[in-house]
Amino acid sequence: MSLSSKLTVKDLSLAGKRVFIRVDFNVPLDGKTITSNQRIVAALPTIKYVLEQGPKAVVLASHLGRPNGERNEKYSLAPVAAELEKLLGQKVNFLDDCVGEHVTAAVNGAAAGSVFLLENLRFHIEEEGSRKVDGEKVKASAEDVQKFRQGLMSLADVYVNDAFGTAHRAHSSMVGFELPERAGGFLLSRELEYFSKALENPTRPFLAILGGAKVADKIQLIDNLLDKVDSIVIGGGMAFTFKKVLENMEIGNSIYDKAGAEIVPKLAEKAKKNGVKIVLPVDFVIGDDFSQDANTKIVSASEGIPSGWEGLDCGPESRKLFSETIASAKTIVWNGPPGVFEIPKFSEGTQAMLAAAVKASEAGSTVIIGGGDTATVAKKYGVVEKISHVSTGGGASLELLEGKDLPGVTFLSSKQ
């Protein structure tokens, strides 16, 4: 799947058309109050561009939360419609469902240039294809799924996907539009542009930085990246399994992944064969408790971590080593923080790495931060604007880095 060959919204002729845009308005809510409108703001460039082209109607569709395939007012998109109206400076017609005769009639009978927001797609089991009942998975029938997709399609002449965060899901609104023109919006296209640059044509040296607790969860990721990168920094809880297996380091009560430990030698062997340098921490900030009240000290890898203590961040020498490694790379993909950044006294390693990433970005290197925790870190320390690209999709970016195809991207039309 070449990421750079997909149709974008700019390739479409939109005048007089009903334009269906799959957006990601899965915003955090406190009751009916939106606590962060970031995802709505992120979709505005695509929505505004489409409106400037003189469409008949713009139909916006999204999921919100996990209503388990049934209507649940707690997950209504009504508050989003009000917020979008404010941001767009134009009336947004909120429809109380996403399919049905009254929905189709409203869209088809609209004045030119009208904007509609449909109710939560996941109020229908047919969007995800299944729901949980008493802990058991119950599938929607193929006929019902087809009918639901036809209902969505009846609202559209062209389809635009701007929901990168859901691109790894083969849901109806992602892969159900059998229309001649299916394009990526600006947000999705930007994601694809950066990931294709890194994964298909990187400027070298290419560095991957990986954190997270379990090696077993990241096997496919590490394995795929070992075919692409020049060096790889392993931090976070994962580092202890690597240090114990490869260097026989004493790790005290630090996190140890027994299943992952069996694979570490194979990964190290592959790295050696491919000429990829594995960079591990050389010292640690350890604590006698997983809290801000913990007693702490710094130990080197050769000293090891005593029993009753656990490694919760990388130490000052490791920070220096990681910063130098980052400074010498031209393409950097970072997925997972190197320490327990949520606890201030164990956040210095993460802050140092972030500072090095910003510096590299400013010096002209391409720095891509995968979604999830690492994106949270970039937001927390206010550096999103200073990094080449902070991904909006945790699961989707991870699957791309693992070498998997994303159904929502594969489904888009290719440029002729």
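Using the three backbone atoms N, Cα and C, a Cβ is placed for every residue, glycine included.
If you look up Swiss-Prot, you'll see V23, D24, F25, N26, Q38, R39, S62, H63, G65, R66, L121, R122, H168, R169 marked as (2R)-3-phosphoglycerate binding site. Taken from Swiss-Prot, the feature CDP binding site applies to G212, D217, G236, G336, F341. Annotation comment: Swiss-Prot describes G212, G236, F341 as ADP binding site. The ATP binding site annotation in Swiss-Prot covers A213, K218, G237, G311, E342, D373, T374. Marked as AMP binding site by Swiss-Prot: A213, K214, K218, G237, G311, E342. For A213, A216, D217, D373, the entry in Swiss-Prot reads Mg(2+) binding site, with the evidence type similarity to another entry.
Sequence features, as recorded in Swiss-Prot, placed on the structure.
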residue	record	CB count, 10 Å
F25	(2R)-3-phosphoglycerate binding site	24
Q38	(2R)-3-phosphoglycerate binding site	13
G65	(2R)-3-phosphoglycerate binding site	15
A216	Mg(2+) binding site	15
K218	ATP binding site	26
G236	CDP binding site	28
G237	ATP binding site	22
G311	ATP binding site	29
G336	CDP binding site	24
T374	ATP binding site	29
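Residue pairs drawn from G212, G236, F341, the listed ADP binders, are separated by up to 11 Å at the Cα level. Cα of A216 (Mg(2+) binding site) to Cα of L121 ((2R)-3-phosphoglycerate binding site): a span of 33 Å.
Non-local neighbourhood of V23 ((2R)-3-phosphoglycerate binding site): R39, A43, T46, I47, L60, A61, S62, D162, A163, G185, each in the same chain, at least six residues away, with C-beta under 8 Å from its C-beta. Within 10 Å of the C-beta of F341 (CDP binding site) we count 24 further C-beta atoms, all protein chains included. Cβ-based crowding with a 10 Å cutoff singles out D373 as the top-ranked of the binding-site residues D217, D373. Within the group of binding-site residues (H168, K214), the Cβ with the highest number of other Cβ atoms inside 10 Å belongs to H168.
Considering only the binding-site residues G65, G237, E342, T374, the residue whose Cα is spatially closest to the Cα of D217 (CDP binding site) is G237.
Neighbours of T374 (ATP binding site) among the binding-site residues Q38, G65, G236, G336, defined as a Cα within 10 Å of its Cα, are G336.
For A213 (ATP binding site), the same-chain residues lying six or more positions away in sequence with a CB closer than 8 A to its CB are G236, G237, M238, I255, D257.
Within 10 Å (C-alpha to C-alpha) of K218 (ATP binding site) lies none of the binding-site residues G65, L121, H168, F341. Note: the CA-CA distance between G65 ((2R)-3-phosphoglycerate binding site) and G336 (CDP binding site) rounds to 24 Å.
In the three-state DSSP scheme, G311 (ATP binding site) is classed as strand.
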